[in-house]
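A short write-up of the structure that comes next.
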Amino acid sequence: MSIQVLPIRLANQIAAGEVVERPAAVMKELMENALDAGASQLDVELEQGGIKSILVRDDGAGIAQADLPLALARHATSKISSITDLETVMTLGFRGEALASISSVSRLALRSRPQAQEQGWQVIAEGRDMLPKITPVPHPQGTSVHVQDLFFNTPARRKFLRTQRTEFNHCEEIFKRLALSYTHVAMRLTHQKKRIYALPRVSCEAEHRQRLQRLLGDEFVHTALTVQAQASGGLGLQGWICHPTQARNQADQQYLFVNGRAVRDKVLTHAIREAYQDVLHTSKYPSFVLYLQVSPADVDVNVHPTKHEVRFHDARRVHLFVLTGLQDVLAQGTCVPASVQIKKQTPVDSVDSSVDVDEVHKQPLELSSTPPVKSPAPQRMSSSGYQVQLKAQAPKPQQVQDWMQTYQALHPKPQNEPAKKEAVQVPLLPQVVAEVQQPNLNPSLQTPPLGYALGQVHGVYILAQNEAGLVLVDMHAAHERIQYEALKQAWAKESLQAQPLLVPETVTLNPMQAEALQIHAQALQRLGLGVALVSPTQAAIRELPVLLKGVDASALVAAVLNELVEYGSSFSLQKHQNALLARMACHTAVRAHRRMTLEEMNALLRAMENNLRTDQCNHGRPTWIQLDLQQLDALFMRGR
């Protein structure tokens, strides 16, 4: 067959295969066009999940009569006119392909009237079998696009559509993403003549939270942590992330925006996953709504026809900025449950983080203050034989030091010989706690966030009372996290000593790994990893960090280089080190069924309040839970 130019109709249908995958893709393109036109009100009406009908109306700038024929032509757009415009584009659309592709696989009617025109006009196209016909039509200012019978002329494509419910779920997800990004636009979604969402425009922070609550639910809004980070070069990060204990079983609440555009980017996704790596259980997924601001010249949005992917000029810097910004927020574990700290009129926690890529400044932990508990309660004998005071009593200030000394019983001194010189010296927990500024324990001023201990439950859990109600603490998990953080801090203060291998190991590299090794060899050497190329496809591993002796050196180097190729930075060394430190912390933490005095329990509670990330153990499981008075009343059906 000789080479020939494809017919316009066939070319448009091929292009539609990239842009128009399902009704949700049509809805996305039409909504983005409306938002680019400056709409302040956007209405979407669907029938049969968008398979039968999609109608999008806006009150934007509108399209002039003379431009209507071009609106359905391929590569016709009003958003860019030069390569310079493309490099700094801020609109959601710019390719000029969407309407042409949609009209080639559906029955499309476009009606519009700009403010300068007294008469509205419409153009109709059915599968592009006919030339677009323009006729006058009554229409308010703005544009409406009605798409019917999607894929009516391509049965092979239509049979791949799912059920109406599934297709509507995809449309609803697109609506949520754009509603979260363009909060200043009022939006409504109707399906089968039933109103699903009616979102007023957002003009203040309280209204923004209300939109979040409507789209994502009460749980996310009432437990989310606020992210605010800035860095030089126009980098900015705002939004909300879930507390690790509120993570979900599936990744269905993850919304990421770059300059207002919803994206799926592997660099940003990896940074978010790494930020949660130390506090999230492996079977859970974090929820987040994050808005990343980048200079338009530093990000390429012309990567994929659907514009879901972007490419950063300096991916490593963006990755590090997002990672440190989220880590800083997650580290500020306040040990305050939502039922204590969150008020109804301000449902979102606010944790500000000022992050600089070159120098990350950790904010000090701030403890919340609440009125003391004053209700008396009787005394009972515990199963261990000592009295448990059921009234939550604040300690006297002079008792704090005694508690810390008593807590040393949790760390009996080993009788064996001292550890080797190269081992990390970790201070005992009482010393770590003593270095942290003690909260004001005057009972007339505050009850600590985790309250005061009442006793133990089967030697595994600590039962405490705080202002909200009851607190249950897994004492081994909590102490394990405290020990783990102490080990990490102690290791960070030590220089990363390298240990030469008796017999160097050889690892085979692909060209991209070899190039990454050449670029980052000195940085890896500073981390104690001595690797050098011995041929274009092989490298010799001569040194490893002391802490990682015994690790599979070849697998470690391969993992490090793969991350350097993908993201410009690597955390494999840190992961291996942290895994070893976590095992050490687990073995040194207080064991279950260890009988503790009230003073020891209270000392552990205060240590949890004064250390970072103590809401989760080293494996991402919760270390404590809160049962407020409303939950306790419900258990006993009080008030019914």
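Each Cβ is built from the backbone N, Cα and C atoms, and glycine gets one as well.
Just so it is clear, the model here is predicted, and its values are computed rather than measured.
For the domain 'DNA mismatch repair protein S5' (212-331), residue counts in helix, strand and coil come to 48 helix, 33 strand, 39 coil, using DSSP. According to TrEMBL, the feature domain 'DNA mismatch repair protein S5' maps to 212-331.
Among the features that TrEMBL reports, region 'Disordered' is placed at 362-392.
Taken from TrEMBL, the feature domain 'MutL C-terminal dimerisation' covers 453-596.
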Statement: Confidence over the domain 'MutL C-terminal dimerisation' (453-596), expressed as mean pLDDT on the 0 to 100 scale, is 86
Message: Is it possible to list how many residues within the domain 'MutL C-terminal dimerisation' (453-596) are helical, extended or coil according to DSSP?
response: 70 helix, 41 strand, 33 coil
